[in-house]
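Here's what TrEMBL has on this protein:
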DOMAIN    2-144  domain 'Phosphomannose isomerase type I catalytic'
BINDING   Gln101, His103, Glu128, His262  Zn(2+) binding site
DOMAIN    166-243  domain 'Phosphomannose isomerase type I helical insertion'
ACT_SITE  Arg281  active site
Amino acid sequence: MELQCKVQNYDWGKLGHESKVAKLLSSGDTNALIDTDKPYAELWMGTHPNGPSLIIERNILLSEYIKDNVDAIGPLVQKRFGVSVPFLLKVLSIKKALSIQAHPNKEHAEQLHALSPEMYKDPNHKPELAIALTPFEALCGFRPIYEIKEFLSKLPELHEILSKESLDSILTYEEGDSTLVLKKVFDSLMSCDKAIVAKSLEKYIKRLTSADESIKSALLFNTLQKLYSEFPGDVGCYAPYFMNLMHLRPGQAIFLKPNLPHAYLSGDCIECMACSDNVVRAGLTPKHIDLPTLINMLDYTSYTPEEMLFNPNMEDENSCIWRPPVPDFAVVKIKVLNGDAYNTIIRPSPSIIIFISGEGEACDTEPVRVRAGTVLFLKASRQLTITPATEHLEAYQAICNV
């Protein structure tokens, strides 16, 4: 069943046809009109109430359809999640950095929702998987502590705003558990007066602007300049010196487990997550920052960029799967070359499938013409036969990980 899906025009999105979201929208629906001056940030595929998908041929919301067709969910998913699609599949097109954030685990999400339902609107966790469609830049997890120490040794501007106790604790750190050291220095940074941070950043930007290219490169000047132009004076501009700066190639992925600090900076990606909107923000945002909650929940483990990459497993010659350690979702990439027909693997869960490139046909009971931008819903325990009419057909399929 083909779906009509919701576009979100958040201001951080790429404009007009620069956006992968807009390109997929106009390719999938020839009647869609793209405004070149409008941001096309996200395409939502699922049943989330803030952007529910519609079954085109039946003119009914997917969420309503599954209530009357429980078999579409399958007994395993129904037993675990009730009559629902427990994941949300998205395409993101990012021009301006998203906020530095983390998501609570399930138990913590329930507590936050009970205490502050106006801020934390549901009791669910929100683990996320991001798969790059184009060169993609993100901050993800705290850096190895020796890298943070190296940056701090070259940033006197940070020495002026961090507490002496936190600075001493990290600069004298040699070995052992570094989580308390990182927590102390990050708390000091985030707690600093906004006016003092803004003045510090202004001074730092001025110093780096006149530095030679080798110093600029070593101190991540291009990233700093981008963040500063988008969020002048924001404490999050200092985040790249504490967090891993990831440059993903198309097909590479990161899994954002609970409490892991992260921020998407630029590029296009497939994103899949548990069906929730719980976010605790840390910077690069005009929105509310719940600092006590944030400081106490973050994962202060030091990670290398290699540890942040989340790799798929091949299932057969046409498909590979990213299977996170959560039951809510997994994502399958399917690529079929012209001259072949491919039968998808039968899953005990419902699927949402978006075609990213190529044209051809997909058949469950009735054949459907598909092209880049076509989104399909497939019932549990059903199989789709995919036949390209062009050089290839490529798609991403979200499923439950049960």
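Note that Cβ sites are derived from N, Cα and C of the backbone, with glycine treated the same way.
Here the recorded positions are His262, Arg281, and the one whose Cβ sees the fewest other Cβ atoms within 10 Å is Arg281. Across the residues of the domain 'Phosphomannose isomerase type I helical insertion' (166-243), the predicted structure has a mean pLDDT of 95. Nearest neighbour of Arg281 (active site) by Cα distance, taken over the binding-site residues Gln101, His103, Glu128, His262: Gln101.
Counting only same-chain residues six or more apart in sequence, the Cβ atoms lying under 8 angstroms from the Cβ of Glu128 (Zn(2+) binding site) belong to His103, Phe255, Leu256, Glu271, Cys272, Met273. The helix, strand and coil residue counts that DSSP assigns across the domain 'Phosphomannose isomerase type I helical insertion' (166-243) are 58 helix, 1 strand, 19 coil.
For Gln101 (Zn(2+) binding site), the number of other Cβ atoms no farther than 10 Å from its own Cβ, over all displayed protein chains, is 23. When other Cβ atoms within 10 Å of the Cβ of His103 (Zn(2+) binding site) are tallied across all protein chains shown, the result is 25.
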